[in-house]
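Working notes for the structure below.
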């Protein structure tokens with residue numbers, strides 16, 4: 001029974017002390033352990049019962065069991081002492097300290113504090129964003145933070161820049177760009193023109209080659225004819241003589 005006087009930590013073991021205690025009560029969130037030489041009981045939360053996940057503490061311990069624990073926390077709340085114990089950092093067979101440098105305990109404490117800070121900030125922000133101002137009727141702020149003058153312009157939350165950018169991107173994907181299409185058409189037309197020019201140049205070169213061949217053949221025929229005429233003239237002269 002509490003006599004009305006605030007509890008003190010004088011009879012409690014020192015921080016990080018290892019001792020063997022008896023299980024006094026088992027709940028859904030952990031087990032209460034009797035502290036030797038003290039009327040106070042300490043709580044082993046289910047997250048500190050084992051290195052594995054524990055959903056039901058009653059599957060790990062039962063009332064009257066003797067367990068090895070390590071005192072990992074002592075704090076005063078509303079004139080009452082809250083004692084935190086851990087089973088997973090102590091060998092349950094020998095009572096040996098499995099975390100002599102308290103590394104695991106410090107990591108657990110850091111994680112717990114960061115989680116509390118994050119959830120607190122999240123709840124506060126959601127409460128503010130979902131609040132409707134009684135003064136101007138807009139969402140996102142309280143009446144005490146409203147700067148609207150009587151008869152003035154009302155202002156509400158504007159959409160984030162990222163949302164606007166995403167909408168613009170979606171519109172850009174839906175609507176085809178006419179400049180891109182025209183540039184593609186121009187490129188195709190240029191390729192066709194180049195192909196035509198190459199064909200015409202090839203034809204011209206073949207025609208010129210055929211013309212030169214014909215001229216060469218014609219000139220060779222003329223030279224042969226002149227030679228034959230000369231031979232005939234010489235033959236006539238000899239015959240006269």
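Using the three backbone atoms N, Cα and C, a Cβ is placed for every residue, glycine included.
In Swiss-Prot this protein carries:
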COMPBIAS  166-178  compositional bias 'Basic and acidic residues'
COMPBIAS  182-198  compositional bias 'Basic residues'
COMPBIAS  211-225  compositional bias 'Basic and acidic residues'
COMPBIAS  226-241  compositional bias 'Basic residues'
DOMAIN    16-88  domain 'S1 motif'
MOD_RES   144  N6-acetyllysine
REGION    160-241  region 'Disordered'
Secondary structure composition of the domain 'S1 motif' (16-88) [DSSP: H/G/I, E/B, coil]:
6 helix, 38 strand, 29 coil
So what's the average pLDDT for the domain 'S1 motif' (16-88)?
93
